[in-house]
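A.B. asks: To start, I am sharing the structure in question, which I have written as structure tokens.
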């Protein structure tokens with residue numbers, strides 16, 4: 001890969017490539033805003049503190065990028081030796097290890113030709129940036145530069161040590177106990193190692209480092225302290241990559257194992273920066289360095305407290321989540337099904353919360369109390385939030401179960417007797433149902449054990465479950481209000497059912513006998529109707545006092561008497577009035593009853609035997625009496641006139657129904673007159689029928705006895721002829737009764753039109769046949785004779801027909817006169 005001198009006009013870092021690396025700081029010292037997106041892409045941001053950072057520095061074109069690629073599987077650009085020696089890495093690049101959560105910083109090479117006189121300034125900034133972020137700083141050194149000053153980066157190492165002390169103590173460096181920076185591991189990688197003994201090389205490098213340490217300006221707190229108090233030194237030699245490729249690769253592989261398995265990274269090197277805040281932390285560090293300001297990094301103890309308290313809190317959360325997982329499955333089911341009430345939920349939550357706080361307190365007690373207490377608030381808030389979701393679900397489920405239990409209890413449930421008579425021991429049953437419902441809630445949601453187990457008020461208020469005391473109490477009050485509303489609604493329903501039961505009791509005792517009385521309509525109708533109403537009311541009042549009394553709704557004596565004597569009596573009176581009106585029926589039904597009563601009086605005698613209207617019967621007098629009986633029915637039933645106990649109501653009960661003066665009126669005077677008029681017209685037809693029957697009887701009885709003697713004398717011979725002939729005798733015995741019955745029932749009047757209608761078609765057919773016969777072909781001589789005969793026949797037919805019509809007219813006139 002080749003590269004040219006960077007363009008000074010470029011101001012933005014190179015775009016990110018999640019599969020390779022990202023340029024954190026570009027050549028112009030601008031920080032990359034997309035570092036956070038890169039950490040998300042390479043799945044580092046979500047790791048918390050479970051990651052490490054290493055960086056490499058050294059001369060330009062010394063194989064730094066190649067070494068990091070082989071150690072960590074990164075893809076930093078490397079130099080193409082065929083193109084000459086040039087600057088490859090510009091600024092600061094960052095990549096991720098392909099096998100582990102390790103961030104790798106590749107710094108721009110030192111002593112570059114491209115930087116020129118500005119190289120020292122930039123090298124100081126990048127070195128301070130690497131110290132602030134990296135736990136292990138790899139220093140790449142050629143073997144032939146060991147023992148040299150500039151070539152082996154000794155001036156840069158001097159800068160690194162001075163900067164590291166600055167990070168440890170700050171600018172003043174007056175307090176040795178105020179260290180604000182963890183140790184850093186300096187790993188010197190000696191390249192192109194030859195036959196020189198390794199211990200000699202290490203001793204030479206240590207001597208140079210000690211000389212630098214002893215000659216640098218140290219803060220007062222660091223005076224007299226060895227370099228190992230601030231750096232862990234390590235040395236590694238690598239053979240020549242070109243001339244000894246296999247040995248080089250083997251040594252690199254061994255070094256890679258050390259990075260990944262042998263613990264080069266230690267907890268004491270950690271900078272204590274969470275992965276999701278690494279990008280912002282790196283930006284802040286770089287901006288501070290670039291502005292030549294002092295880096296104020298927290299002390300090791302405080303940073304370690306932050307790290308460890310965070311880790312301990314995570315462990316506590318994991319343990320707590322595992323412990324309450326079965327509770328969540330029951331109360332917050334993933335399939336959104338109905339939650340199941342968990343027995344002793346609060347005790348279980350109390351036990352788990354206490355265990356979680358004890359576990360956190362035990363682990364965090366070794367660190368900064370300020371940090372530990374601050375994190376403890378987060379732990380309590382987390383435990384409170386998790387517990388509140390479960391307790392709220394439990395409260396909701398328990399409240400629903402309590403309301404359901406109460407509703408089933410007051411509605412009778414499976415108790416058939418309670419359903420049919422819900423008022424039985426209502427007061428006792430409703431209170432028992434209320435207590436059972438509250439017991440369900442209290443058993444599921446009681447929080448009394450918390451206050452019982454913690455006597456210290458301050459400790460009680462800081463407990464994660466302290467909220468449960470107030471939450472449970474407020475929920476209980478809401479449940480009591482809900483159950484009170486349900487009880488009021490159920491009581492109103494029972495009162496309504498009780499009232500309906502009493503009304504049904506009254507109507508069952510009143511309706512049948514009252515209907516019977518109204519059907520018979522005796523002279524003392526309303527007296528007897530009042531007796532029926534009073535008897536029905538007495539039975540109903542007795543039953544109502546039992547229902548509203550101690551065995552039922554358990555009302556107070558005064559209240560019970562008010563309900564029975566005012567409310568119920570008023571309703572029974574209204575029901576009686578409605579039943580009587582229904583029994584009387586509509587005006588058309590009343591007219592039918594009036595006609596029936598008229599006919600019963602007119603057509604039947606006192607014994608119920610049908611009347612025979614003889615010649616001497618006074619039909620007019622019977623008609624007048626019968627019509628008066630019918631009209632009397634309308635007058636009696638026109639107004640309901642109940643008296644007695646039921647009709648005597650208190651003023652309060654009358655006020656409740658706004659009693660009107662005409663409430664007993666069934667038929668007003670106008671309707672009565674109309675009914676009487678209709679009765680008069682309809683009864684007139686019956687009267688005329690009776691008169692015709694009487695006239696027929698009179699005609700039958702007008703034949704004198706002497707006429708029978710004359711008929712017998714004059715018809716003696718014919719009588720003997722009939723008696724001597726069996727055929728004529730039998731015919732006479734059959735025909736005479738038929739003729740007698742026919743004349744008695746006035747049969748000719750009804751039969752004559754039928755006979756005429758039957759014979760007329762026959763006569764027409766006969767006429768047509770005769771006409772056809774007379775028109776048959778004959779000789780010329782016979783035409784005139786036929787014509788004459790036909791004319792004579794026509795004349796005779798006309799005369800006979802005229803005579804027949806004249807006879808019919810006379811007969812009809814005689815029938816009308818009779």
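Using N, Cα and C of the backbone, Cβ positions are placed for all residues, glycine too.
What TrEMBL says about a protein is an automatic prediction, not a curated fact.
As listed in TrEMBL for this protein:
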type: BINDING; residues: 58, 59, 60, 61, 62, 63, 64, 65; note: GTP binding site
type: COMPBIAS; residues: 795-804; note: compositional bias 'Polar residues'
type: COMPBIAS; residues: 805-818; note: compositional bias 'Basic and acidic residues'
type: DOMAIN; residues: 48-282; note: domain 'GB1/RHD3-type G'
type: REGION; residues: 795-818; note: region 'Disordered'
type: TOPO_DOM; residues: 1-702; note: topological domain 'Cytoplasmic'
type: TOPO_DOM; residues: 748-818; note: topological domain 'Cytoplasmic'
type: TRANSMEM; residues: 727-745; note: transmembrane segment
A.B. asks: Measure from the Cβ of residue 61 (GTP binding site) and count the other Cβ atoms within 10 Å, all protein chains considered.
C.D. replies: 20
A.B. asks: Which one of the binding-site residues (60, 62, 65) has its C-beta surrounded by the most other C-beta atoms within 10 angstroms?
C.D. replies: 65
A.B. asks: 58, 63: which of these binding-site residues has the sparsest Cβ neighbourhood within 10 Å?
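C.D. replies: With the binding-site residues 58, 63, fewest surrounding Cβ atoms within 10 Å: 63.
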A.B. asks: When the pLDDT values for the topological domain 'Cytoplasmic' (748-818) are averaged, what is the result?
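C.D. replies: That region's mean pLDDT is 55.
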A.B. asks: Validating a neighbour-count step here. Other CB atoms within 10 A of the CB of residue 59 (GTP binding site): how many?
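C.D. replies: Other Cβ atoms within 10 Å of residue 59 (GTP binding site): 21.
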A.B. asks: Using the Cβ center of 58, 59, 60, 61, 62, 63, 64, 65 as the GTP site position, which other residues in that chain lie within 8 Å, going by their Cβ?
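C.D. replies: Near the GTP site, the remaining chain residues are 109, 140.
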A.B. asks: Could you list the residues of the same chain, at least six apart in sequence, whose Cβ is under 8 A from the Cβ of residue 64 (GTP binding site)?
C.D. replies: 56, 57, 58, 89, 106, 107, 109, 140
